[in-house]
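**Q** Let me begin by handing over the structure; questions about it come next.
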Amino acid sequence: MSEFTGPDGTRKVVHEVPESVIIVNESTPLISQPGPITAATQALTDHHHLRRGELIGLALMTLSAVGFSTMSLFVKLGGARFPSFQIVFARSVIQTFFGLIGCAILKMNPLGKPGIRGWLFIRGLAGTCGLACLFYSVTKLPLADATVVFFLGPTFTAILASIALGESFTFFDGVCASMCMFGVVLVSKPPFLFGPQEGALVDEASDLGRLFAIFCALLGAIMSAISYVTVRKIGKGAHFMVHVVYFGAIASILSPVGLLLLQEYTPLESLKDYGIMFVIGLSAFVGQCLLNQGLQLAPAGPATLMRMNDVAFAFLIDIFIFHQFPDIFSVLGASIIVFMTTALGLHKWYMHTTAHRPSA
């Protein structure tokens, strides 16, 4: 600040701020006037906002893992009494109900745009098949084993995306995929390699039943990969709430057919039964919403790391709630699958960011 006397004899006060000069009379209130925002300041502000959004996205993905783990826990509890297709039906009806409410709040057509409804149907059909396979495997296997095998979804997605969408699939990706399959062998422990399994669950009639449940988990992972690739194909053409409605509606129609042909309906008799079904549907819906919002905010690489929370929560639930302790082969197989799937996801993210990095 400096003072000088003007031509009219009035004393002036000059306040110097970056890239601007403000001249006021002594009688003028000295109100702070910020200088113009520079490019560097704007970039720093944008960076802070981006980082904050990324942290929020990662937190949402962690919360989504809690939601899906809660769903799996109650599927496991319900599976002791109800067939898997009946649980799929209950979840799907509740999911559709909340999805329609969401579309009404957001003022969007739950059927989506006419040009992509075929793809939305395929996405819902694949998701329904994957969900049915996952729920069956959860009711027949330790929760951690079923979750770990289903965690192969990103690996199958990378393979299918290279075929259907023309995305790259490198030698490194192939190594990761092969190691994941080796991890599945360790988790499934086929009798011709590991011998008969002792201490099998009551739900498992035989080693063949366990292998069939593992196969269902694998098939579920493949179906989820088809579903995810279809979502990628649709892109931003449909809001995620529209996906939720299609998924729930198609599953609500097909699951009773599977129940009628393959299983036997068990009536709900108590408030506890209704509570289990409601929690399954609500936690699944909340988990999907949090996951989709988290994926929009979080970078793909760190987001892949957050998906490991599903496996960690599954092991904790098995140990502390069901008192099922995994053997060394399950732990080793799960570690290989999680590590290789994460490495594949991080590698994809690195290749994408490198390809889109502006040249100097």
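Just so you know, glycine gets a Cβ as well, placed from its N, Cα and C.
What TrEMBL records for this protein is below:
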TRANSMEM  55-75  transmembrane segment
DOMAIN    56-188  domain 'EamA'
TRANSMEM  87-106  transmembrane segment
TRANSMEM  118-137  transmembrane segment
TRANSMEM  143-164  transmembrane segment
TRANSMEM  171-188  transmembrane segment
TRANSMEM  208-231  transmembrane segment
DOMAIN    212-339  domain 'EamA'
TRANSMEM  243-262  transmembrane segment
TRANSMEM  274-292  transmembrane segment
TRANSMEM  328-347  transmembrane segment
**Q** Mean pLDDT, the domain 'EamA' (212-339)?
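**A** Overall, the domain 'EamA' (212-339) comes to a mean pLDDT of 89.
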**Q** Should anything in the same chain at least six residues away from the transmembrane segment (87-106) have a Cβ under 8 Å from its Cβ atoms, list it; otherwise answer none.
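**A** Residues 71, 75, 78-79, 128, 131-132, 135, 139, 239, 241-242, 244-245, 247-249, 251-252, 255-256, 258-259, 277-278, 280-282, 284-285, 288-289 contact the transmembrane segment (87-106) from elsewhere in the chain.
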**Q** Under DSSP, the domain 'EamA' (212-339) has how many residues in helix, strand and coil?
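**A** Breakdown, helix to coil: 108 helix, 0 strand, 20 coil.
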**Q** Could you give me three numbers for the domain 'EamA' (56-188), the DSSP helix, strand and coil residue counts?
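**A** For that range the per-state counts are 112 helix, 0 strand, 21 coil.
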